[in-house]
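The following features are taken from Swiss-Prot:
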type    : residues           : note
DOMAIN  : 39-154             : domain 'tRNA-binding'
DOMAIN  : 405-480            : domain 'B5'
BINDING : 458, 464, 467, 468 : Mg(2+) binding site
DOMAIN  : 707-808            : domain 'FDX-ACB'
């Protein structure tokens, strides 16, 4: 937001210097990014009147002018400007004057006594470009007739005016105008605010244009009026051109300039149609697929049902709230106009200009929210200026309100405001702050009920009001207090590890941590979780980040691809992050949202060689059992069961559900071949994802005696059908450990598997396999006897027989 200080001070004039005013605005949340002068430094440039103009004797394009510059003597100045004429007043650079450099960083241009084609020139008549006021170099800068001769041009044109450039946060749409900034300045400084003098013009026509609002969800209010007999050739007043230029807007024509001027003045974009180019009445509606519109910027856009339009009886005439159409644009031949000012719902405008790869001042304002209560006043203000500058006769204002925002009062507790701000602010002082801000309120014990004004779209919840109190009270008045807390020792819970312990454990096993967004592509949810109905974001930062994740697998695969694209050949990653699930049983709380749960999970991925390239081991690809071993070490001392099961993201024959104490806690397996092909991975990574709670919880360490007696090891080889899972045999042996005969069994591990290559190989049928287990037994009280060991082994064999196993002969 850019504007000249002089314009601001016509509305509010606090007794502050420019720098003090800048500081006050910045400390109230309106950050002043820069202060600059309206024009570069100049000297000895004054107002002069051209008394006489004669042709140069030796140059057809030059004139010799007699000029009164208030010096007491008539100056002889040679000039080549096409608009030089007797009687006009123009800037005159006297001998010794310095003009701004022609190029950035150059030296000032000094005016010297000189001769042009043999005629002495005692100065120079200046254009706006030579003074660096604009790029207009078509002729001399003609000054108003009442300008005093001899006056310094810096005083005449207020060239020492300061340009403020303010960086507004998106919620401060009420400050996207000079009057909006003035309103804030008055609240901050306490200086009186002078509103714009808007008076209804005299209605001389009994004519309105038929208007139909077909989409109340697009347009809540539409005000317009017919004006006939305007002079489109009228010259925009210099004061208006100056204010527009210093607000960053070039002058176009009187009608367009007036519309732009009121937008910068009051914050409401409007549009001026050429009335004679409108066919019948106009309709405000949503666009239709297949329609197109040529815009004022020359672009032609294809419309659809997501874009609002203004159309007449034949075609679309304007992109609602964004830009007008070329077919009804005003030109120098325009004599009759239709003036429009409307309230467009912010949601109906937001993102539409970006959809067509451009932006406009109108869209920037409407998508943030523009005052819906002042459309008629703004039509009157624009009409007032048009009649003053361009003439004409105005019809009545046609004002249609169909769907305006219903602003519910917002409650703010004084006690909560003081607690959040950190300083005691009395209720009377808060009432004064709300009054200065123009916020109507009612007192209710320790609280204020504030009804947001029509121009404040940023006030919706209690914290918004607390922010307003803090801003106007003054952040600088809030003392800096370091936090104070009691220092106490906390008991360490040995039954739980911290998530940091888990992260360090994974890092110690050669996994690198990665941190990803919690919002992902909807396609990932379908691929990696089989989720057709993900939790969608209302306002995603990007289309490919539009849903909340329910699994970490997609994020890990994305990071893997990123690394592979940079020629990494061995990748081991992990992430400890939250996933987001729907749960009707979840109630709203301080850290919970009703209907949703946010459990933390730990996911990891291994790809490429199992070990870094080295001389001590052969290079082999990482496999399921490598990652399974890492996970078992992570879960220890808890023992996990790995149950064959299918997951949408994992290989159907190489995946398992992870169970701890009979509860499913996660998944492990190779990436599904379909996804490996889709995401262009040369090899399948092995991944796991586990509930963080299962890793954090652990049993208390129990002390045991170190046996002085040697352990006994026995091997058991059994034959089972190939369809029988090893886990089923382990489950049966685990049950046997509770029996008296197996009380000395310390450990059972699988150390060999053999599958027949033919019907007679190894005495096994083609559908069978041989499994060998090593059983470790030990007694802390004495040496184990053979009969005790034999009985334990026999019990284990009998248990495995229940799963279809027999001893191998």
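Cβ atoms are placed via backbone N, Cα and C, with glycine included.
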Taken over the domain 'tRNA-binding' (39-154), the predicted model's pLDDT averages 90
Helix, strand and coil residue totals from DSSP for the domain 'FDX-ACB' (707-808) stand at 33 helix, 33 strand, 36 coil
One finds that other Cβ atoms within 10 Å of the Cβ of residue 467 (Mg(2+) binding site) number exactly 18
The most crowded of the binding-site residues 458, 464, 468, judged by neighbouring Cβ atoms within 10 Å of its own Cβ, is 468
The correct three-state DSSP answer for residue 458 (Mg(2+) binding site) is coil
Around the recorded Mg(2+) site (458, 464, 467, 468), other residues with Cβ within 8 Å of the Cβ centre, ordered by sequence, are 171, 459, 463, 465, 466, 471
What DSSP reports for the domain 'tRNA-binding' (39-154) is 2 helix, 54 strand, 60 coil
Taking DSSP H, G, I as helix and E, B as strand, the domain 'B5' (405-480) contains 34 helix, 12 strand, 30 coil
